[in-house]
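Contents: one structure, followed by commentary.
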Amino acid sequence: MSGTKNSSQFFTIGLVTAWYSSNIGVLLLNKYLLSNYGFKYPIFLTMCHMTACSLLSYIAIAWMKVVPMQTIRSRVQFMKISALSLIFCTSVVSGNISLRYLPVSFNQAIGATTPFFTAVFAYLMTLKREAWLTYVTLIPVVTGVVIASGGEPSFHLFGFIMCVGATAARALKSVLQGILLSSEGEKLNSMNLLLYMAPIAVVFLLPATLLMEENVVGITLALARDDSRIIWLLLFNSALAYFVNLTNFLVTKHTSALTLQVLGNAKGAVAVVISILIFRNPVSVTGMLGYALTVFGVILYSEAKKRSK
């Protein structure tokens, strides 16, 4: 019995490691490509990610049967998934744009405020009220980011607005998903949702890329002639973007909600430390204290939410 328990522990540790590596890997690679490498095409980059997610989702579900395939049952359900896909696109593109201007550490600090936006949207759209204590815990979450913004040596207003937009869109997607796909017949697990959302996202992103990032394919091919690494970086980065979703799904499936929350909070902090070591972006004590306050607020928030249930 202890053998199976040990192997399942190893499996979980392996999964969490893969989840962390793919998550932090995508973040750092995006940052490297968009600002250090000088590949200035966040929409095209997101389109590469979505194309990879479409192909790999299909392989994982249709061929490898990682999860049973769920079909779209109605036109209404398709429209709902398209709406979620559009918000999902907006979130990823805005996040990638923000990485061009902001260090990963600050990007993560803003991203940690997701619970604040989730609570706001949940209240506005479903009039679902949380216990007052839950709202109180959101004060340090927001205050922390305000402090971190004031103390951020590399603060950039446009990057900041994009990052806040990305965080808000991510929260809006999760609230909407709960509302739109709540009936039993329409519920999709996250892997199947990605299978349908990713190709729809490509359809949205293709015209946006052509309009806003002219001749990006030609430029990328020209870059590849000088430096073939760019093609491998894009392919690897896009495959990693799918593995973020896959490992996220598997970690959710094989661990408890609480473990997931703790790991999620720690992941941001790990990403911040690694990014500072790699990119050596200047950080201030104020910035770090602000970020710490936000993470502390998020932990309090998850505690308060758990107790109010």
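Cβ atoms are placed via backbone N, Cα and C, with glycine included.
TrEMBL lists 15-302 with the feature domain 'Sugar phosphate transporter'.
Under the heading transmembrane segment, TrEMBL lists 12-29 (among others). Counting only same-chain residues 6+ beyond the ends of the transmembrane segment (12-29), those with a CB under 8 A from a CB of the stretch are 99, 104, 107-108, 233, 236-237, 240-241, 243-244, 247-248, 250-251, 254-255, 263, 267, 270-271, 274-275, 278.
The transmembrane segment annotation in TrEMBL covers 41-66 (among others).
Sequence-distant neighbours of the transmembrane segment (78-99) (same chain, 6+ residues past either end, Cβ-Cβ under 8 Å): 27, 30-31, 34-35, 42-43, 45-46, 49-50, 72, 107, 110-111, 159-160, 162-163, 165-167, 169-170, 172-173, 176-177, 180-181, 186, 188, 193, 196-198, 200-201, 204-205, 208. According to TrEMBL, the feature transmembrane segment maps to 78-99 (among others).
Marked as transmembrane segment by TrEMBL: 105-125 (among others). Counting residues 6+ beyond its ends, the transmembrane segment (105-125) has Cβ neighbours under 8 Å at 27, 31, 95, 98-99, 134-135, 138, 141-142, 144-145, 148-149, 152, 154-155, 160, 163-164, 166-168, 170-172, 174-176, 179, 265, 268-269, 271-272, 275-276, 281, 283, 287, 290-291, 294-295, 298, 301-302 in the same chain.
The transmembrane segment annotation in TrEMBL covers 132-149 (among others).
Packing against the transmembrane segment (155-172) from elsewhere in the chain are residues 87-88, 90-95, 97-98, 100-102, 106-107, 110-111, 113-118, 120-121, 149: each is 6 or more residues past its ends and has a CB under 8 Å from a CB in it. Per TrEMBL, transmembrane segment is recorded for 155-172 (among others).
Same-chain neighbours of the transmembrane segment (193-210): 41, 43-44, 46-47, 50-51, 53-54, 57-58, 61, 69, 72, 78, 81-82, 84-86, 88-89, 93, 177, 181, 216, 245, counting only residues six or more beyond its ends whose CB sits under 8 Å from a CB of the stretch. For 193-210 (among others), the entry in TrEMBL reads transmembrane segment.
Feature annotation from TrEMBL assigns transmembrane segment to 230-251 (among others).
If you look up TrEMBL, you'll see 258-279 (among others) marked as transmembrane segment.
Packing against the transmembrane segment (285-302) from elsewhere in the chain are residues 105-106, 108-109, 112-113, 115, 134, 137-153, 258, 261, 265, 268-269, 272: each is 6 or more residues past its ends and has a CB under 8 Å from a CB in it. Taken from TrEMBL, the feature transmembrane segment applies to 285-302 (among others).
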### Query
Which sequence positions outside the transmembrane segment (258-279), separated from its termini by at least 6 residues, show Cβ-Cβ distances below 8 Å to it?
16, 19-20, 23-24, 27-28, 31, 36, 103-105, 108-109, 111-112, 251-252, 291, 295, 298-299, 302, 306
#### Entry: Contact set, same chain, for the transmembrane segment (41-66): CB under 8 Å, 6 or more residues outside the stretch
30, 33-34, 89, 92-93, 96-97, 99-100, 191-192, 194-195, 198-199, 201-202, 205-206, 208-209, 212-213, 216-217, 219-220, 234-235, 237-239, 241-242, 245-246
### Query
For the domain 'Sugar phosphate transporter' (15-302), what is the mean per-residue pLDDT, to the nearest integer?
94
### Query
What parts of the chain pack near the transmembrane segment (230-251), using Cβ distances under 8 Å and only residues at least 6 beyond its ends?
15-16, 18-19, 22-23, 25-26, 29-30, 32-33, 37, 39, 45, 48-49, 51-53, 56-57, 60, 66-67, 189-191, 194, 220, 223-224, 260, 263
